[in-house]
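What TrEMBL annotates here:
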type: DOMAIN; residues: 1-398; note: domain 'Major facilitator superfamily (MFS) profile'
type: TRANSMEM; residues: 23-46; note: transmembrane segment
type: TRANSMEM; residues: 52-68; note: transmembrane segment
type: TRANSMEM; residues: 80-104; note: transmembrane segment
type: TRANSMEM; residues: 124-145; note: transmembrane segment
type: TRANSMEM; residues: 202-222; note: transmembrane segment
type: TRANSMEM; residues: 242-261; note: transmembrane segment
type: TRANSMEM; residues: 273-291; note: transmembrane segment
type: TRANSMEM; residues: 297-321; note: transmembrane segment
type: TRANSMEM; residues: 333-353; note: transmembrane segment
type: TRANSMEM; residues: 373-391; note: transmembrane segment
Amino acid sequence: MFGRALTSVLWGMIADRYGRKPVILFGSVTLVIFNTLFGLSTNFWMAVSTRFLLGSLSGILGPMRAYASEICRKEYQALGLSIISTSWGIGLVIGPALGGYLAQPVEKYPNIFSEESLFGRFPYLLPCLIISIFALGVAVLSCWLPETLHIHTKNKVLEDSYDALEATAYGPSEKGNMQNSEERHQTSLQSLLKNWPLMSSIIVYCVFQLHDMAYSEIFSLWAVSPRKYGGLSYSTADVGEVLAVSGFGLLLFQLFLYPLVERFFGPIMTSRIGAALSIPLLSSYPFIAMLSGLSLALLIGCASLLKNVLAVSITTGLFLLQNRAVSQGERGAANGISLSAMSLFKALGPAGGGSLFSWAQKRQNVAFLPGDHMVFFVLNVIEAIGLLMTFKPFLAEPAVDY
């Protein structure tokens with residue numbers, strides 16, 4: 001996350017200058033290399049270095065947000081950006097699930113993997129390798145992505161192909177907007193920082209991302225912690241199952257229901273509703289932990305699914321605001337600023353969430369918010385702050401909807 005925070009603006013500016021596709025291709029290949037090296041790490045600093053280099057050199061997310069808002073007609077932008085945020089959310093769900101099932105395969109599957117094998121020497125290589133193979137397939141498929149950034153060229157045939165793409169995807173009026181944005185291509189970073197509708201949506205987005213990252217860290221720790229400390233006494237495989245079910249349900253919601261919800265309520269109201277519903281949901285977690293058996297499995301599965309659906313709905317609504325606050329020629333840089341700020345907040349999430357959980361474990365017998373009640377109370381405070389920031393005068397809607 002720290003590496004991503006340092007370079008996301010640069011990758012956004014490169015995407016605005018040279019196109020979205022080159023950045024996406026380079027980032028996908030970088031992911032294959034450094035994610036595999038992470039699985040082959042032999043010490044702590046090698047692991048940290050490979051993660052830092054991966055974050056620094058893989059600037060995919062910002063250009064992909066810009067790409068999703070450009071490849072779709074305006075009435076389908078909510079669907080396009082919901083797919084991006086859903087992919088991100090499902091990655092955060094399926095990633096830990098893969099780790100739970102595939103990490104340390106020699107211990108989990110001794111009949112398949114021997115201690116003398118490569119996976120015996122590198123116990124975390126298998127999940128990293130699976131992800132790298134998937135990323136390699138993505139990199140190959142990305143070669144056929146059409147470029148969405150309009151770049152004037154002396155080659156008339158290529159220029160005509162861009163004209164055809166723009167006419168199909170945008171229509172005449174929006175093509176005019178793109179030509180205007182081409183003239184403003186050299187817009188300085190300073191002008192983006194003065195764009196309050198953009199910056200206010202980024203700040204609100206960062207608050208919610210801090211909450212979501214801390215929640216992701218705390219949920220896994222809480223689920224595997226012993227019952228006497230208010231946890232669920234789940235194994236890593238049990239946690240993986242809960243997260244996998246949540247990811248599948250999240251995909252269905254974002255593909256089929258979110259665009260309808262956004263069209264009816266709008267992006268800001270959708271984010272407010274998601275934040276408001278998250279607060280009572282998180283307050284119920286310590287009481288869910290009192291259950292056992294089938295009732296526990298059903299309720300924690302439903303609660304986890306609903307929490308992820310609400311979190312991604314908030315994120316998607318703010319994505320829409322950010323991309324509608326700037327013209328096409330500025331979207332790469334704008335998403336780069338968003339990603340840099342978000343990465344700094346997300347870098348604090350795991351450390352802050354883990355420290356909060358550890359401190360709360362020592363407060364089992366106090367009268368005020370004992371144990372895990374304090375953990376979920378703090379998460380709710382952050383969520384409430386984010387909710388309040390979605391109202392005027394802080395959060396400003398763009399005067400011109402690009």
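Cβ coordinates come from backbone N, Cα and C, glycine included.
Ranked by Cβ pairs under 8 Å to the transmembrane segment (202-222), the stretches 23-46, 52-68, 273-291 are led by 273-291. Count of Cβ pairs under 8 Å against the transmembrane segment (80-104): among 23-46, 52-68, 242-261, 297-321, the largest is for 242-261. A contact links the transmembrane segment (52-68) to the transmembrane segment (333-353), because at least 3 Cβ pairs that are 6 or more residues apart lie under 8 A. Against the transmembrane segment (242-261), the recorded stretches 23-46, 273-291, 297-321 differ in Cβ pairs under 8 Å, and the greatest number is found for 297-321. No contact links the transmembrane segment (373-391) to the transmembrane segment (23-46), because fewer than 3 Cβ pairs that are 6 or more residues apart lie under 8 A.
With a threshold of 8 Å between CB atoms, the same-chain residues lying at least 6 positions outside the transmembrane segment (273-291) that come near it are 208, 215, 222, 227, 230-232, 265, 299-300, 303, 306-307, 310-311, 313-314, 317, 371-373, 376-377, 379-380, 383-384, 386-387, 390.
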